Amino acid sequence: MDTLSNEAEKIRLMNVEKGHNLEVIRPRSQSGSSERTLLNMSDTEMEEKRRSADLEKEAAEGLLPKTITKDHIAPDPYARAKMLFWMAINTVATVLIVFCNKAIFSDKSFGQCQAAFAAFHFVVTGATLYILSRPMFAMFDPKRIGIPQMLPLAIAMAGNIVGMNLSLQVSTITFYQITRVLLTPCVAVINFFFYKKYIPRAAAYALIPMCFGVALISYYDQKPAPVAGQPIKAVGGLSVLLALGSVGISGIYTVWVGTYQRKYEVNGFQLLYNQAPLGAIVLLYAVPWTDKFGNLNQAPMNKWMMILLSGFLAAMINVSQFFIIGTAGAVESTVVGHLKTCLIVLIGAFTGGRIITDKAALGIMLALCSIFAYSYIMMKQSK
């Protein structure tokens, strides 16, 4: 073995003198694998070896920067506070805009200006989203969708807003808000018949008392309170018809929104960015045939201030909804939605100048408890 090693060393020295840098054949170990040492490595290999050793040493000492992954990103210590802040903004803005719009529509000068009013909201919404998409804020990346493709959704959106405003104009706030919970079974029915989408049987059963509760409040609504010896007119057939029609249009629009998002691979705000300007144009074309303007010069200044406030509240709802969607989970979003419904119903009941009857109160409780049960079942099913 020693003789063989001496001969290999002589061959290596002869090759070095001739300018070669060849590996020498070393005797195999008992395991049969060939061994290499620093003597038979090239200069490049030795340099790489040293560099690798230095990197390992620095990594062990914590001198090298670590690879940044999602797990290593430091959590925002104020994330929870920010989420609660935007939830509060969304709740307050949603409640205020209902009462603000109700006060606007009660004025004769603006009572028949539904299309123009909705177009104003769309303009404010479009301008707000445009600003938020600029590099200064960069809250979302705008994505263009063709006008022919967006036109059906924009028309449905316009009909949805105008229908909601008309329903609010002729109904009490409590009745208006309670009938809005019918949007949930309406969407479920549309998805079932047109898209073959099913919901759990328990969730379907939870929708039955909801519909029964809305039927109770539709029939009894609220007992009129006497004012100067004259009873206040209770809810009539027109209010029920407009409420149900508004819910139907909202259901179609809601289903289409989900379909468009999947088809064009956009989020809610990218889709709204394309809808709002087109919806405003559609409504402006309809204004000459649908709206009747009163004597606007005699409209009190506080009504004009309410119109500006309504546009601002609409923008706040859209912006806050963006943060809620991005940070809150399904439970938090559902709780916020139910909280808004309960607040609007309760405030409307105590400020509407009417006395809630026992049967109407039973209808309200049935509708609210049913929507809570439905949400719980659906969240449990999704988990």
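A Cβ is built for glycine as well, from the same backbone N, Cα and C atoms used for every other residue.
Just so it is clear, the model here is predicted, and its values are computed rather than measured.
According to TrEMBL, the feature region 'Disordered' maps to 27-50. Marked as compositional bias 'Polar residues' by TrEMBL: 28-43. The feature transmembrane segment is assigned by TrEMBL to 84-104, 116-133, 145-168, 174-195, 202-220, 240-259, 271-289, 304-325, 337-356, 362-379. As annotated by TrEMBL, domain 'EamA' applies to 239-374.
According to DSSP, the secondary structure content of the domain 'EamA' (239-374) in residues is 118 helix, 2 strand, 16 coil. The largest share of C-beta pairs under 8 angstroms with the transmembrane segment (271-289) comes from 116-133, of the ranges 84-104, 116-133, 202-220, 240-259, 304-325. Same-chain residues lying 6 or more positions outside the transmembrane segment (202-220) and placing a CB less than 8 Å from one of its CB atoms are 174-175, 178-179, 181-182, 184-185, 188, 235, 240, 243, 357, 359-360, 362-371, 373-374, 377-378, 381. Averaged over the domain 'EamA' (239-374), the predicted model reaches a pLDDT of 85. Within its own chain, the transmembrane segment (304-325) has Cβ neighbours under 8 Å at 82-83, 86-87, 89-90, 93-94, 96-97, 100-101, 103-104, 110, 117, 120-121, 124-125, 128-129, 132, 139-140, 267-269, 272, 332-333, 336, counting only residues six or more beyond its boundaries. The listed stretches are 116-133, 145-168, 240-259, 362-379; of these, 240-259 has the most Cβ pairs under 8 Å to the transmembrane segment (174-195). The transmembrane segment (84-104) shares the most Cβ pairs under 8 Å with 337-356, out of the stretches 145-168, 240-259, 337-356, 362-379. Remote same-chain residues near the transmembrane segment (240-259) are listed as 152-153, 156-157, 159-160, 163-164, 166-167, 170-171, 175-176, 179-180, 182-183, 186-187, 189-191, 194-195, 218, 268, 271 (criterion: CB distance under 8 Å, separation of at least six residues from the stretch ends).
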